[in-house]
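Engineer: Sharing a structure below in structure tokens format, with a few things to ask.
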């Protein structure tokens, strides 16, 4: 009975992830190509929102399993309850009384934070073939639609001729990366893995997601360093191989970058280090200073939803957005949920360094740590993924021991 129940949950979790990530992209792509009708009201996300109503009872069925983890009982659940009550009080009283737009922003974060944690609890059980097929389908679409005349060579904005009514380039990059992550670590062929890494790099280079690109590269390099320098007993051979690989890849990169530099002239990635001339960096700096003053004025309770005074999406683009939205206590909870998985991934790496299952946990914990700390506001529920992977790894580790 337990086996069939778990299979049912895994099937539903797979469906939920497909609807939130892969089908979300495909629907929006065919929408801008005029092959799909526009969904009124909430739009396509309504499917994910409604599926949460079915996901939540499944979460309750697995509550006993999750309650074995101390962080779940003393940090994760208290954080969600705190955020919900904090948002509810602000809906009923204070400056944003009756503002359902402000409340929905927090509430949607809460339900997806919980949903992604629960889904990635089953990471090691989720079937991979469907995600592989969709990955190559999206990659084919990517090549067909590349247009180097635009600052973002692959973007739904380019196809649609505007930025309204579909997902933005950041979500496109994130959805593709999550598709890749759901099967990459479960395949063992070296050449296949190498192709997947290169294809993901190419996609991120030309789809405009700078944070996603930097997070992917840094997380990948750190995982390789852990693998080469720590996991093997024969460290000399691995160090030599690593040095050779870095030198070879670096040489190839600079060769192709110089030869095909015209492809990057208008790219957003060429502005990563050009702070003075990048309108994106300047806008983020402006928003940071505007919003940080609100934290200084109310350091304990923050200033719930005050970023909305500047317009939609005008929040601090880092972890401090949690402080502004939910006060110091909410910020403290949030930081713990970002860094506990990262710290524990490193801790378990030294204990289980010869076990391959540690690498997806290590990779995603580093990735989430980078993005949530430096570039993404709390409203992007990435931390739910790493905390879910933490529980998935602990659960899988205990099952193997048994």
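Cβ coordinates come from backbone N, Cα and C, glycine included.
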Engineer: Using TrEMBL as the reference, determine which range in 302-325, 326-349, 350-373 is annotated transmembrane segment.
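Structural biologist: Residues 326-349 are the ones TrEMBL records as transmembrane segment.
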Engineer: Could you tell me what the rest of the chain brings near the transmembrane segment (106-124), counting residues at least six beyond its ends with Cβ under 8 Å?
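Structural biologist: For the transmembrane segment (106-124), the nonlocal Cβ contacts are 9-10, 13, 16-17, 20, 48-49, 52, 55-56, 58-59, 62, 66, 76, 80, 83-84, 86-87, 182, 305, 325-326, 357, 360, 378-379, 381-385, 387-389, 391-392, 395-396.
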Engineer: Where else in the chain does the transmembrane segment (42-61) make close Cβ contacts, counting only residues six or more beyond its ends and a cut-off under 8 Å?
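Structural biologist: Same-chain contacts beyond the ends: 5, 9, 12-13, 15-16, 19-20, 24, 27-28, 108, 111-112, 114-115, 118, 165.
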Engineer: Determine the mean pLDDT over the domain 'O-antigen ligase-related' (196-335), rounding to the nearest whole number.
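Structural biologist: For the domain 'O-antigen ligase-related' (196-335), the model's average pLDDT rounds to 77.
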